[in-house]
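Following: one structure in structure tokens, then a few remarks.
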């Protein structure tokens, strides 16, 4: 299992290289945007985009995993279709070929004969990427490969990726929008139980060199299986344990701290915003991208990511859910939380990843229908939910 996670870290870095390469030239980037077909549109946005970068990343992840772990590819699922129609009306199925030259030739068809762009992309796609992590390298965990399913969101926050804002200032470490909100999400789950087991979140655009204007990224991972919990922030947390501001909000003093912080979507319902302002005061942050908002919880920048609508999907939440599980947290169904009586001692309604929504079509089959709350500390979540319910209008807790 740690071999699979190691490989996922490598392919996520290769994916990040592709995402960065596609942003290097504005002229090239204009070629890479194709509006999504009606059945594939995410209804939250009036206009949604499918990019060649999206599809390339998804195919690179699929085919690299297939090469290293034959059979696993049939359980890799994602948002993107790998079919393109070029300006000449040709329908092309995009795949990773065995050589750089063949991939460049196929990409050239998608890009209407643009050889320079095609060759540049093929070079990045076929580049070997090494990734080492001392914590992971010292671990060996075995799990049957045939119980694993993988959700991939090749480029989450596509709108921010296309817009490409590079000079957005953060608010207490949280970016409201811009390239920093773009993430590559890979979540591994148990296909029998739907429980998330491993997660990788790669943030391709973290800091930009002022001289070269090239971007550097950051990668986060977590593993939670059969009582073993590990994550990439362990070293950061242990270094900070001596101070009052350590990451992680664990321990009794954190559980009873009266102040909460939350990250939300700018499109969040006014009723939720009003209740949150009574619970969190001015510690509410708006940010783009479900993956990025979840990452803010992973990083300990906020206690909670809350979203009341049904426009996030399994590929948006699985990676962060696995990392948060490894940290003692999770992602739960908001609607079920609001309807639950905490006095009955029922388990928190964790999201699961193996079951379609009954009666739904298209991408809605995999929507997180009840909304979600991502958290790092169960005690903090219980206290937060109690306060949220008290501050919501009575009707809102049952909608």
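Note: Cβ is positioned from N, Cα and C throughout, glycine not excepted.
The model shown is predicted, which means the values in this text are computed figures rather than measured ones.
Over in Swiss-Prot, the protein carries these features:
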BINDING   54, 80  Li(+) binding site
BINDING   153, 316  Mg(2+) 2 binding site
BINDING   156, 157, 158, 267, 269, 289, 290, 293, 311  1D-myo-inositol 1,4-bisphosphate binding site
MOD_RES   317  phosphoserine
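Just so you know, the Cβ of residue 54 (Li(+) binding site) picks up 28 other Cβ atoms within 10 Å once every protein chain is counted. In this structure the residues listed as binding 1D-myo-inositol 1,4-bisphosphate are 156, 157, 158, 267, 269, 289, 290, 293, 311; their two most distant Cα atoms lie 22 Å apart. In the three-state DSSP assignment, the secondary structure recorded for residue 153 (Mg(2+) 2 binding site) is strand. In the structure shown, the C-beta of 316 has more C-beta neighbours within 10 angstroms than that of any other entry among the binding-site residues 80, 156, 316.
Residue 317 (phosphoserine) has its Cα within 10 Å of the Cα of these binding-site residues: 290, taken from 54, 80, 269, 290, 311. Cα proximity to residue 153 (Mg(2+) 2 binding site) (within 10 Å) is found for the following binding-site residues from 54, 80, 269, 311: 54, 80.
Residue 290 (1D-myo-inositol 1,4-bisphosphate binding site): 28 other CB atoms within 10 A of its CB, across all protein chains.
Residue 54 (Li(+) binding site) and residue 158 (1D-myo-inositol 1,4-bisphosphate binding site) have their C-alpha atoms 8 Å apart, to the nearest angstrom. Counting other CB atoms no more than 10 Å from each candidate's CB, the binding-site residues 158, 311 peak at 158. Comparing the recorded positions 153, 269, 317 on other C-beta atoms within 10 angstroms of each C-beta gives the minimum for 269. A Cα-Cα distance of 16 Å separates residue 311 (1D-myo-inositol 1,4-bisphosphate binding site) from residue 80 (Li(+) binding site). In this structure the alpha carbons, written CA, of residue 269 (1D-myo-inositol 1,4-bisphosphate binding site) and residue 80 (Li(+) binding site) are 28 Å apart.
Residue pair residue 158 (1D-myo-inositol 1,4-bisphosphate binding site) / residue 80 (Li(+) binding site) shows a Cα separation of 12 Å.
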